[in-house]
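Feature list (source: Swiss-Prot):
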BINDING   GLY76, PRO77, PRO78, SER79, THR80, GLY81, LYS82, THR83  ATP binding site
Amino acid sequence: MAAQVVTVGESKDLRGLNLIAAHSHIRGLGVDADTLEPRVASQGLVGQEKARKAAAVVLEMIKQGKIAGRAVLIAGPPSTGKTALAMGMAQSLGTDVPFTTLAASEIYSLEMSKTEALTQAFRKSIGVRIKEESEIMEGEVVEIQIDRSVTGHAKQGKLTIKTTDMEAIYDMGSKMIDAMTKERVMAGDIISIDKSSGKITKLGRSYARSRDYDAMGVDTKFLQCPDGELQKRKEVVHTVTLHEIDVINSRTQGFLALFSGDTGEIRSEIRDQINTKVAEWKEEGKAEIVPGVLFIDEVHMLDIECFSYINRALESDLAPIVIMASNRGHSKIRGTDYKSPHGLPLDFLDRISIINTHSYTPDELRQILTIRAQEEEVDLTPDALALLTKIGAEAGLRYASNLITTSQLICAKRKAKQVGVEDVQRSFKLFYDPARSVKFVQESEKRLIGSDGVVDFRVNGGATGEPAATAAGGDSMDTSS
């Protein structure tokens, strides 16, 4: 009996205005939804099965709301997919759970203190899901009557609206008439009116009026006439972050700062009042706290004061999940003379869970480069892909990935349809990888300005090869022919 073939379908969403970035091909963690077992290559991620499964377990706990105030460190050598793993988690969480990405060097600013920048990042990563009930009227417009006064008084009108079960007539004031005119509401339209705010939403047009016109616009949407009562109670859910509430309450017309980005320092008293109010909403059942994710890339760039602040912030009631990435080994903690694993203090390492990533195999490199070529819409020959895989194994995945675009430009110059080996070879000769660049620096050491300011301006280093001019002694120059 033949084994059953299981296929996994993946839809590729339209990118829109987003440019092709280093991780734009990642659309999730690529794990099975039920067993959390990672697939070999799925949703843009390849290999790193153990790390992806560990990330999937953390992700499942985040979705269930069972984990908050925890820290996870993704540690591994460069070009092993640490940031890609975090991006996969962000894509899997969706838009409802706040996900904030922060590079460790971003917190150093002259306009804002380090702790304020970290506080804002923490507050951006905590969502508040606010529930409110609104009374709406939804139905098909039968007739609109507008009476304009000759003497210039306010306009008055009547709106006849119906469902399949009932019909009613409402009096309209001048503001409602203006709103109807602005939305271009006419007989046959299906509309929704929020009674508390007076907002009118045009949902579509009734099927009964589909023959009124011979030609319709592409945005015309035909709907069935609503049934039941005209007036209904509807629960509306808004998800905002604590940082957005902070900004709005920090100054007059604070909501404008949300768009300009000029938030500045926010006083701790305002944050305390907001925390108290959110706690009241939570007790009354009006709001729900959504712990999000704060991702700090290159976390070893933080100094000892920042780690001390994060230690305290993780113990507070309103704390997100902090995911960090580091490619350092046993290195010095910034701001101290002490060395520690991953460049993090030992008391901070004691609080975190660590996920390790390993170097990719040649087969995994080939699959990643294939995905990148598809994302950048580059057609590679099998030999060119094999050469790029070899380059990636020896010079690094990032360098090989960058060669895809440059090889495509060289290929387009000779008006070929497929990127061949000669295109990759020419691109390899034009652009140096780190190893060849280091070799060039070593060979040209005397021609380059060193840390002591010594440089040789003579062609080929002269006869003796010794420096002829120095930064300190400008008068010592060899003028012999």
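Backbone N, Cα and C define each Cβ position, glycine as well.
The secondary structure of PRO77 (ATP binding site), as reduced to three states from DSSP, is coil rather than helix or strand.
In sequence order, ALA325, ASN327, THR357 are the residues of the same chain, not among GLY76, PRO77, PRO78, SER79, THR80, GLY81, LYS82, THR83, whose CB sits within 8 A of the CB centroid for the ATP site. With the fewest other Cβ atoms inside 10 Å of its Cβ, the least crowded of the binding-site residues SER79, THR80, THR83 in this structure is THR83. Residue density at PRO77 (ATP binding site): 12 other Cβ atoms are found within 10 A of its Cβ, drawing on all protein chains shown.
Each of the binding-site residues GLY76, PRO78, GLY81 was scored by other CB atoms within 10 A of its CB, and the lowest score goes to PRO78. Sequence-distant neighbours of LYS82 (ATP binding site): residues of the same chain at least 6 apart with a C-beta under 8 Å from its C-beta are ILE74, ALA75, GLY76, ALA325, SER326, ASN327, THR357.
Look at LYS82 (ATP binding site): DSSP puts it in a helix.
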